[in-house]
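Noted in TrEMBL for the protein shown:
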DOMAIN    21-107  domain 'Pyrroline-5-carboxylate reductase catalytic N-terminal'
DOMAIN    249-394  domain 'Ferric oxidoreductase'
TRANSMEM  204-228  transmembrane segment
TRANSMEM  248-271  transmembrane segment
TRANSMEM  292-310  transmembrane segment
TRANSMEM  348-367  transmembrane segment
TRANSMEM  388-408  transmembrane segment
TRANSMEM  420-442  transmembrane segment
Amino acid sequence: MNSNPSNVMALTSTTSNKKETVCIFGTGDFGRALAYKMIQSGYSVVFGSRQAQISSLIPKGAEVLSHTEAAQKAPIIFIAIPRQHYNFLLPLAEVLHGKVLVDVSNNLKLNQYSQSNAEYLAQLIPGARVVKAFNTVSAWALQSGTLDASRQVFVCGDDKKAKQMVMDIVRALGLTPLDQGSLLAAQEIENYPLQLFPMWKFPIFLSLGLTVFFFFYSLILDVIYPYVNEKKDFSFFIAISIANRISPILALILLALVYLPGVLAAIIQLYRGTKYSRFPDWLDKWMLCRKQLGLVALAFAFLHVLYTLVMPIRNYVRWRVNGRVISQVLNNRTDPLNNTYAWLSDSYLALGILGFFLFVLLGITSLPSVSNSVNWREFRFVQSKLGYLTLILCTAHTLVYGGNRFLYASSYRWYLPNAYMLSLIIPCIVLVVKFVLVFPCLDKPLTRIRQGWERNPRYSE
């Protein structure tokens, strides 16, 4: 009498640990890769195919049946076929009634159809519960296991239980599901894989525009001006000198542009007296791409370091050093050490090294693998407090480099200021405004506003 309950309990325990069978319509690259990953995760996989025979490409352990037989064996069916072939599902409408259909398809161009593929599928098979998922994960990433850059899986659907079932599968595969709401979001999700670096467009185009501007600006001052006025050919400056002039300028300006929108947002919130009003669209978009702006700035900082390291081996630099040594020998004199210039030089280098170190630290903490391992307060401390310290050090690095040369008339060739002077405009504005915002008379009300206080609340109790 006592043996039956124990047997039932053992059977229940074993059954509860076993994962359900999933069906995949489509034996293409993505269908096979998805099956391979699911089998690794403990799922039983059955393929629905027009030809119910085992192919050498089908993952070992998967079963191949006709569409009707395969659909009957699983509550969840992955539709891994192009939209133009969805019509073959019409004769299966009765079998698919109540089933969860996971649409994984993508299109060839943005907004190719007025209706998303998932919505079209739901309209085609009205009795099924359609969920959009897995379209942002590539077949190669699934099969090779290199999912570090694509662990997020966007999921949307009108049926909450069906969506939860799919999200459980996403987690079981070691991925991270992101609930995007109803099936209305499918169009946007289907556009994600077709967008080429959407958050990078503004930083890249901005950096390209600034690069072109400062290249021609430096070309005028360092190459064209000496050639016109002194008949000296310094065209070789283009390879190293001008490049090494542009890279730190771009790094400093882009770093300042990372923190400028935060300052503007604080001013707007103080003016409005609330945090519940939306910022202008241009400011919203600017704030969303600050990470990308910072990474582009870090890339230019790396270029500056590399160009600086090769300076001593340049032919022009060695020629100038040798010429100075020979001049001292011929004149039988030795130039004394100038402690002031020695201090300025060492300070300039020290500020640059410290600034670059913190710059790299900011870049490392922006990586998902690192940012996910720290809490919000730690992340904010690094990106905000250390970020402003980085901006201060890099600005001071540039100021010490320039020294008081801005006072000399020779620094203004054709009445144009040196390029480094232009690079200081935005960073100095950001730092000055931020310094003003730190004053208690502004910092306290700003903190209260960000905590939810409103100067003129819309609804009074």
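Counting starts with 1 at the first residue shown.
For all residues, glycine too, the Cβ spot is worked out from N, Cα and C.
Annotations in TrEMBL come from automatic prediction, not curation.
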(request) Report the listed stretch (204-228, 292-310, 348-367, 388-408, 420-442) having the maximum count of Cβ pairs within less than 8 Å of the transmembrane segment (248-271). (result) 420-442
(request) May I ask for the residues of the chain that lie six or more residues beyond the transmembrane segment (204-228) and have a Cβ under 8 Å from a Cβ within it? (result) 197, 234-235, 237-238, 241-242, 245-246, 249-250, 253-254, 257, 293, 296, 300, 413-414, 416, 418-419, 422
(request) Mind checking which residues of the chain, 6+ beyond the ends of the transmembrane segment (292-310), have their Cβ under 8 Å from one of its Cβ atoms? (result) 199-200, 202-204, 206-207, 240, 243-244, 246-248, 250-255, 257-258, 356, 359-360, 362-363, 366
(request) Residue list, the transmembrane segment (348-367) vs rest of chain: Cβ under 8 Å, 6 or more residues beyond ends. (result) 251, 255, 291, 294-295, 297-298, 301, 305, 374, 379, 382-383, 386-387, 389-390, 393-394, 396-397, 400-401
(message) Mean pLDDT for the domain 'Pyrroline-5-carboxylate reductase catalytic N-terminal' (21-107), rounded to an integer?
(response) 90
(message) Can you tell me which parts of the same chain pack against the transmembrane segment (388-408), counting only residues 6+ beyond its ends and a CB-CB cutoff under 8 A?
(response) 248, 251-252, 255-256, 259, 344, 347-348, 351-352, 354-355, 358-359, 362, 417-418, 420-421, 423-424, 427-428, 430-431, 434
(message) For a three-state summary based on DSSP, what are the helix, strand and coil counts in the domain 'Ferric oxidoreductase' (249-394)?
(response) 121 helix, 0 strand, 25 coil
